[in-house]
Amino acid sequence: MIKFDKVTKKFPLGNIALQDVSFEIDDNEFVFLVGPSGAGKTTILKLILKEMTPTSGSVLIDDFDVTAKDFNKTIELRRNVGIVFQDFKILQDKNIFENVAVGLKVVGASGGEIKTKVREVLKMVGLEEKEKVFPVQLSAGELQRVAIARAIIGNRKILLADEPTGNLDPKTSWEVMRIFKKLEGVKTIIIATHNTDIVNSFKKRVLVLKDGKLVKDQRKGGYEL
Amino acid sequence: MNEIIASLRRAPYQTLSAFLVLFFTLFLSIILFISVSFLHGTLSYLETRPQVTAYFQTTTPEADIFKVRDELNQSGKVLSIRYISQSEAFKIYREMNKDNPLLLEMVTSDILPSSLEIYATKPTFLPEIAEFLGRQGGIDEVQFQKDILDRLLTLTGIVRQGSLIFFLYLFGMSVVVLTTTTLFKIALKKEEIELLRLIGATNSYIRRPYIIEGLLMGAAASTVSFLIIMAVILYANPFLTSYLRGIPSLSVNMIFFDFAVWPLNPIFFAATYLLSLAFGSGIAIISSYLATNKYLKV
């Protein structure tokens, strides 16, 4: 379970990214984070990943408080969270197999396990034929699918996606979202997006942010700008 | 390993500059180490050379001289004692002045004193030995070269300290230059490191390739430096043999072991190679550690 309790995040120059935000997300829940640019969506994802810590309030991921300075617990948390970035963050000097394998290598998986599991997820995202191809030879949609494969490999319980369709055309966006749909009920999925069509068609829980405040928390909701 | 070799090949100028810095440092260090070992061996050898010479009165019976010799031998402070009788002294005198018949005519063995030439186990015992001899009867004169001894001991100390300071300087300089070079390389991989951190990689996992890269460079640089220096030493062996003629062996004490440095000894060179590997690896590990530290805050 993910629990935000009166979380405020201020940056050193004084701008406020989040203000008194509280919500809970259950295990295996599918949630959209929506709101205009600068509303605080990415900050929430960064707090879950302990890429930053709140200025006040608490963020609990299961029993782990992200404000705690515990190096080993932080590593453990990150090994349970997969993240998909808007700009993919695919390593250009590694082929697709190696890019996905990184997610397992960091947890010390064996060579055999890596081979089997990488092929499994590549098949799931429809890239089984391209494991030896380098990123430069792939389209944006395919790169995003590689990023998703890397994020879901290794039984990560939570999947975060920061504007996963932000750089994709509508058709490719739907293809990518279909992959998230396949994972529904298997992992906790939190997707930060602007895409109203996608949010409205999925009919999932929506957390709406505006100016760092949580203005709406709607079960099976939709979204209007 | 393939990834590490690929990484070295992908940044050829950084790889070359890191290699050259390590090579320069290790090359100088090995030369310095071998030179210091030889010098130290020579000094240790010379430290045992200074002698106390006791000249006895011509009337002193041989039995009294042997009594003094035996007492010195029992003290444990003496490496060896050479007794030179009046007749032997005369032989030496004749050999030294064989080209001067006038001097040979004027001197007989009766007027030359018997003497004891004493070699101490440590140079610091020499004043004590001289003092002991001074207290004995029948001795005309005691000679020992205190000034030369003092200068020798001072020189030994300066060479040891100077070498240590120079080693530390080379070490420090190499660490700074290699840290900077590695930082350039890591800056190119900043995004990859950031990603690895966010997906749960430990610091040691992120550091490992850079440290292995450094170790490979250190091993390569020390091997190349060592092989070049070995070739030079083997080439210079006949000159050294001629130069060090008369010195049976030189040895140096390295913490727990005594190594013979002369005549050329494979064990000493193996130890030198291992030390240079350790030195190169140490520089590489510390530099990689410092360079990666910047990007590894959780």
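Just so it is clear, glycine is given a Cβ too, placed from its N, Cα and C backbone atoms.
Here is what TrEMBL records for this protein:
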DOMAIN    B:51-142  domain 'FtsX extracellular'
DOMAIN    B:165-295  domain 'ABC3 transporter permease C-terminal'
TRANSMEM  B:16-39  transmembrane segment
TRANSMEM  B:164-188  transmembrane segment
TRANSMEM  B:209-236  transmembrane segment
TRANSMEM  B:267-291  transmembrane segment
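Highest Cβ contact count with the transmembrane segment (B:209-236) among the listed stretches B:16-39, B:164-188, B:267-291 falls to B:267-291 (criterion: pairs under 8 Å). Taking H, G and I as helix, E and B as strand and the rest as coil, DSSP gives the domain 'FtsX extracellular' (B:51-142) the counts 47 helix, 23 strand, 22 coil. In terms of DSSP secondary structure, the domain 'ABC3 transporter permease C-terminal' (B:165-295) contains 102 helix, 11 strand, 18 coil.
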